[in-house]
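Please read the structure below before turning to the comments.
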Amino acid sequence: MTETLIVAFIVLAAMLFWLGRLFPAGAAGFRSRIGLGSRVSGPGEIRKGCDNCRGCKGGGCH
Amino acid sequence: MDAVVSPDPATKPLRAALVGNPNCGKTSLFNQLTGSRQKVANYAGVTVERKEGALTTPGGRKIRLLDLPGAYSLSATSPDEDVTRDVCTGRHAVEPRPDLIICVVSATNLALHLRFLLELCQIGRPIMVVLNMMDEAERIGLTIDVPGLASALGLPVVPAISLRRSGVTHLLEALDRPDPPPPAPIPEGADLHAEVAALIGRYTNALSLRGDRLADRLDRWFLHPVWGPVILLVVLFFMFQTVFAWAQPVMDALEAGITALGEILLSPLPQGLLRSLLADGVIAGAGTVIVFLPQILILFLWILALEESGYLPRAAFLLDRIMALAGLSGRSFIPLLSSFACAIPGIMAARTIQNPRDRLVTILIAPLMTCSARLPVYTLLIAAFVPHRTVGGIFGLQGLVLFALYFVAIVSGIVAARLMTRGVTSDEHPLLLELPPYRRPNLRSLALGLWQRAVMFLSRVGTIIVSLNVLLWALSSFPAPPAGATGSAIDYSLAGMIGHWMLPVFAPVGFNWQICVSLIPGLAAREVAVSALATVYALGATEDSAATQLTPLLSAHWSMATAFALLAWYVYAPQCISTLAVMRRETRSLKVVIGAAAYLFGLAYAAAFLTYHATLALTG
């Protein structure tokens, strides 16, 4: 039973990760509804101006 | 000008913009000041959009710093130059006019860079001049009377070496001082070239210098109409040979390490769902992709070294004639070259192309350039189906096949561009290329670049690839086979059903249902196809070790025709949704994206079909 729960949890986490990537606006809305509001940008944060795409992670795409 | 500004956290941060000619070191300076790691290289056109960072000076002054694309003048001729002009003149839709313009000038190229500075003086904003690359100026014996130049310009002039942390100390001190007043505009109709020549003659010894003799000697070979292309071909050829030859020992060690780690992790677990998920989903998925890290790093070591050395713009110059055959100009070379790392920055770099038609064609053929995500697919199949032997006693056959795949992609790109531009003459300006000085690649910067690549790759494995493999494992494990089922369990799963539904479409090109399944997650990132194959085959196998032994598994289950057809498919298929999304953003046209996807998938299918049947005919 525990094993099944762990597996279900891992699969659910992977599913949520991809839902967040595929529907970022919906995911952000959902996070704020459950009290996990979007992170506030720090002053030193880099914005590349690519429509808020964060894929670069501070250097090049992906 | 000497009074230090008192720090006041309540005051609004100063908005400063780094402006200057291409390849004068703006982004290096930006990285040094803000601590960020934006891409830099020794050629023009690396930065194509504005970037923003923040810094606090030693005196406590808060500054919001913008890094703008390089421009030769305020009369913009390409989309990236538009951004610089609009921000500087206060016409940008989002970005307010900067409080201070930091004009970065390369000390080694004052004749060109001071002209743009004089033009900037006309817009009536406070300007600070950064005289960058002072170390190189010193190396070639150039001396500059900095106080004299500052006094003649009526602007603060700060010497800097943007590659060193200590090289920006004077700039930080200068930023703590009150902002200079806007400079007096140059009289209407003044000859800026004559003004610059007078400044150079009065405050530098540039006119008495004889230039960089080594650079001239190297250019005589590298830009030679015959030897130049030969050298370029040899460099590229050697690069692909080393991808196989140098990486193999490290790849073997990594593979052994992953197998050992898998055994340690799995041994305490009983047979069941969790063990299957870890073995067939996580370890099989991540493990098979991680082993390609050494090859990817070797490829990037070459790309970074060539970027830093200043050789790449010379290659663009050499290829201008070949680009003309494709109906394009040499200006398309840098965007296409960037696409070898990833098509996304390549498509964005097409902003430097002034002619809209050439820009669109460059964007459309960028996905044909072989991005690094294809490397795991190529090397997996080459290792499984191409014998590990030498040709002519020198060249590795596997390296030759890899080189051929890259070569075919380049030729296909040229042919596709030719077809797209046929009948339409380009009015793109002739290629005027600023050749940067040759520089010995900086070891620290190479190491940092490789480290960034490794972190990016591993974080992709840890997030995108593992999560997709977990989902694929779930799809491949459920529903369970019915009682009395005789086939393999995966045949009855959702993934198995999807694979079998797709099979009629892909059977003519030699793909089996497992390949069909791997193509779907491969849409998120091409290399996921490798980890997906590992998961699908591991679930069908009886031993855990199958997870890390994909190469022998494939050579046993696939025909050579199938493997070569899949290689041909990957040369053309636009299997990366992010690339199509960026294409949509850059062209603002869904029609273009649909057209691009259709022509690339069509090409992929046709190439796979021809390859499959030709190989079948040849191998019997």
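Even glycines carry a Cβ here, placed using N, Cα and C.
Summarising the annotation, TrEMBL assigns domain 'FeoB-type G' to B:13-181. What TrEMBL lists as transmembrane segment is B:226-247, B:282-305, B:325-348, B:360-386, B:392-417, B:454-474, B:494-511, B:523-541, B:553-572, B:592-614.
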Quick tally over B:226-247, B:282-305, B:553-572 of CB pairs under 8 Å to the transmembrane segment (B:392-417) gives the top stretch as B:226-247
Restricted to the domain 'FeoB-type G' (B:13-181), the mean pLDDT of the model is 87
So which of B:360-386, B:494-511, B:523-541 has the most C-beta pairs under 8 Å when paired with the transmembrane segment (B:282-305)?
B:523-541
Can you work out whether the transmembrane segment (B:592-614) touches the transmembrane segment (B:523-541), with the criterion being 3+ CB pairs under 8 Å where the paired residues are 6 or more apart along the chain?
no
Let me check one thing: do the transmembrane segment (B:494-511) and the transmembrane segment (B:360-386) come into contact, meaning three or more Cβ pairs under 8 Å with sequence separation of at least 6?
no
Hey, which bits of the same chain come close to the transmembrane segment (B:226-247), Cβ under 8 Å, at least six residues off its ends?
294-295, 298-299, 302, 306, 311, 314-315, 318-319, 375, 379, 382, 395-396, 398-399, 402-403, 406
How about long-range neighbours of the transmembrane segment (B:523-541): same chain, 6 or more residues beyond its ends, C-beta under 8 Å?
276, 279-281, 284-289, 292, 371, 373-377, 380, 460, 464-465, 468-469, 472-473, 476-477, 488-490, 495, 499, 514-515, 517, 547, 550, 553-554, 557, 570, 575-578
Positions whose Cβ lies under 8 angstroms from the transmembrane segment (B:454-474), at least six residues beyond its ends
276-277, 280-282, 284-286, 289-290, 293, 296-297, 495, 517, 521, 524-525, 527-528, 531-532, 534-536, 539
